[in-house]
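Asker: When I checked Swiss-Prot for this same protein, it listed these features:
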- C27-C75: disulfide bond (DISULFID)
- C41-C90: disulfide bond (DISULFID)
- C44-C128: disulfide bond (DISULFID)
- C52-C106: disulfide bond (DISULFID)
- C56-C108: disulfide bond (DISULFID)
- C111-C118: disulfide bond (DISULFID)
- N31: N-linked glycosylation site (CARBOHYD)
- 1-21: signal peptide (SIGNAL)
Amino acid sequence: MVCLFLGASSFIWSLAPAAAAFQLPRCQLLNQTISLEKRGCSGCHRVETTICSGYCATKDPNYKTSYNKAIQHVCTYGDLYYKTFEFPECVPGVDPVVTYPVALSCRCGGCAMATSDCTFESLQPDFCMNDIPFYH
């Protein structure tokens with residue numbers, strides 16, 4: 001049994017150089033176009049911002065206990081500030097101003113659902129709901 005485990009282990013380590021050659025980009029700042037929309041305001045406006053994107057090393061133990069909880073790290077904001085955008089045409093009574101984040105630094109950590117999209121696969125950042133045809 002031990003020999004089988006060591007054999008499998010050495011087989012996996014022999015694949016390590018091939019995996020390292022793939023070179024996933026580490027968690028870093030990335031310039032990105034995002035879309036801004038607001039109910040009561042016309043159009044979809046694309047703006048440039050800086051987001052966090054990339055790979056974070058993580059571990060998932062084979063033998064799980066209450067002492068070794070697996071925490072999956074994601075690339076998330078370190079420091080950020082918010083910019084404002086004013087929509088040119090909004091119906092009366094609607095505040096035309098929206099804010100969006102601009103990343104100043106990135107880090108690998110737990111996903112904060114209050115500030116990040118923690119889903120497996122989400123909409124692209126420049127996606128506009130206004131671009132979807134509406135059928136009656």
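Glycine is no exception: its Cβ is also placed from the backbone N, Cα and C atoms.
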Asker: How far is it from C44 (disulfide bond) to the residue listed as 'N-linked glycosylation site', counting Cα to Cα, in Å?
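Answerer: So the Cα of the residue listed as 'N-linked glycosylation site' lies 19 Å away from that of C44 (disulfide bond).
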Asker: Would you kindly give the Cα-Cα distance separating C90 (disulfide bond) and C128 (disulfide bond), rounded to the nearest Å?
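Answerer: Given the Cα positions, C128 (disulfide bond) is 17 Å from C90 (disulfide bond).
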Asker: Just counting, how many other CB atoms are there within 10 A of the CB of C128 (disulfide bond)?
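Answerer: Looking across every protein chain shown, the total is 15.
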Asker: To see if you understand the setup: which same-chain residues, six or more apart in sequence, place their Cβ under 8 Å from that of C108 (disulfide bond)?
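Answerer: The answer is C27, C56, A57, H73, V74, C75, T76.
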Asker: Taking only the Cα atoms, work out how far C111 (disulfide bond) lies from C52 (disulfide bond), in Å, as a whole number.
Answerer: 12
